[in-house]
Amino acid sequence: MGLISGILFGIIFGVALMAGWSRMMTHRSSKRVAKAVDMKLLGSLSRDDLKKICGDNFPQWISFPAFEQVKWLNKLLSKMWPYIAEAATMVIRDSVEPLLEDYRPPGITSLKFSKLTLGNVAPKIEGIRVQSFKEGQVTMDVDLRWGGDPNIVLGVTALVASIPIQLKDLQVFTVARVIFQLADEIPCISAVVVALLAEPKPRIDYTLKAVGGSLTAIPGLSDMIDDTVDTIVKDMLQWPHRIVVPIGGIPVDLSDLELKPQGKLIVTVVKATNLKNKELIGKSDPYATIYIRPVFKYKTKAIENNLNPVWDQTFELIAEDKETQSLTVEVFDKDVGQDERLGLVKLPLSSLEAGVTKELELNLLSSLDTLKVKDKKDRGSITLKVHYHEFNKEEQMAALEDEKKIMEERKRLKEAGVIGSTMDAVGMVGSGLGAGVGMVGTGIGTGVGLVGSGVSSGVGMVGSGFGAVGSGLSKAGRFMGRTITGQSSKRSGSSTPVNTVPENDGAKQQ
């Protein structure tokens, strides 16, 4: 009896033990599944969602990294960099040199690479963020840092000197957006779109050093190069502008990837008030330049000896992306050599409502970069009338063709020597964008004009660096003419480039 009861007890105990073990494992498994579900749910919550749930008990140590680290990719990039650098050097030279020529500042006759190597230090990818905004595309944002040791020497030629300039201590901080257009054929990518995000703002730091000379040999050279680099980045690479690269030889329509005009901004530059005088004798001769993209820059006529000029000239500018682009207005004093800026202001297009005309009075600033603003004095204001018109499909295609025609006309006139650069501000001819452009060079254009004064007249060069007789002397002459002869000084003329269309023809008067 004792043996049988012992066997039964053992069987019952074993079954109970197995049942208990099975139940415990099932419970642990269900807890793991529930925990995984909770973690998945928490992982999908944003910082704001967690703050709503936790309230005042929200842990400050919780972070939400926007970019994933890719140490493996940095290791691969460092190994491949010598080969990438050598291949990229020719590509950069072939693609950037034409941009330097198109965007070179007035007064510089040549701007090319004398030396170009990318060095031995590879860029570092701080992180990658993969997103999907549109079907058939994969968008990848790359947080890029590069403190390399490239050897970059620019050959700079001006009217007064020729000097090689070395870019040292180059550092690049930017977030690049790379869009892959997917395809159903190997290599499964038909095109790549590359751009730099506007926010955070791309930062390119460097030091300029003259090789075998001095930067002072060409007055204002450092600022000219800074402006050129900044303009190329903003006008060619910074989103919404982009570079579209076909991949794999797959025939595909890339028109959807290219930047297209969204609308046009009709701007009437009405007047300026209480401008800052930059002249020792007489008053400034102000004119205004306006642009959304620096390569499509237009200017008003110059009003002589007036700190409260009234222009009342209208221009039409194409906008590619209303949400990210801005209208920039700069006021200059027309002078011999380099025209001096009196002030500038920027108006975001996102603040405008389509189909509504606004009249705005905007205060002029010494710089758009608040960190560089040293002069806090009032620089006056400028009054604008603005109207944003959104394009339909037909208007969009017509505007795209007009942009091409304008660029071709600018390049043709640059080659003919009528303007010094495609970046020169010009006046618009006719009522539409397709009517063409009349070229009126900036203060550093080329040409010969008659310079009159209240006392005498003469011939002066409109140029940079060597304008011995020009608007500066004509101002003195006009001042003396007004002082001595009164009304006879009204015949004083300003420098007018030959073989050009008068500026007044370019503006629609209101």
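A Cβ is built for glycine as well, from the same backbone N, Cα and C atoms used for every other residue.
Between the stretches 390-417, 474-501, Swiss-Prot puts its coiled coil entry on 390-417. DSSP gives ASP333 (Ca(2+) 1 binding site) a strand state. With the fewest other Cβ atoms inside 10 Å of its Cβ, the least crowded of the binding-site residues LYS278, LYS334 in this structure is LYS278. On a Cα basis, ASP333 (Ca(2+) 1 binding site) lies 6 Å away from ASP339 (Ca(2+) 3 binding site). Of the listed binding-site residues, namely ASP285, ASP335, the sparsest CB environment within 10 A is found at ASP335. Recorded residues LYS334 (Ca(2+) 2 binding site) and ASP285 (Ca(2+) 1 binding site) have their alpha carbons 5 Å apart, per Cα-Cα distance. Summary of the Ca(2+) 1 site environment: with the site residues LYS278, GLU279, ASP285, ASP333, ASP335, GLU340 set aside, the chain residues having Cβ atoms within 8 Å of the Cβ mean position are SER284, PRO286, PHE332, LYS334, ASP339, LEU342. For the coiled coil (390-417), the model's pLDDT averages out at 81. Classification of LYS278 (Ca(2+) 1 binding site) by DSSP places it in coil, neither helical nor stranded.
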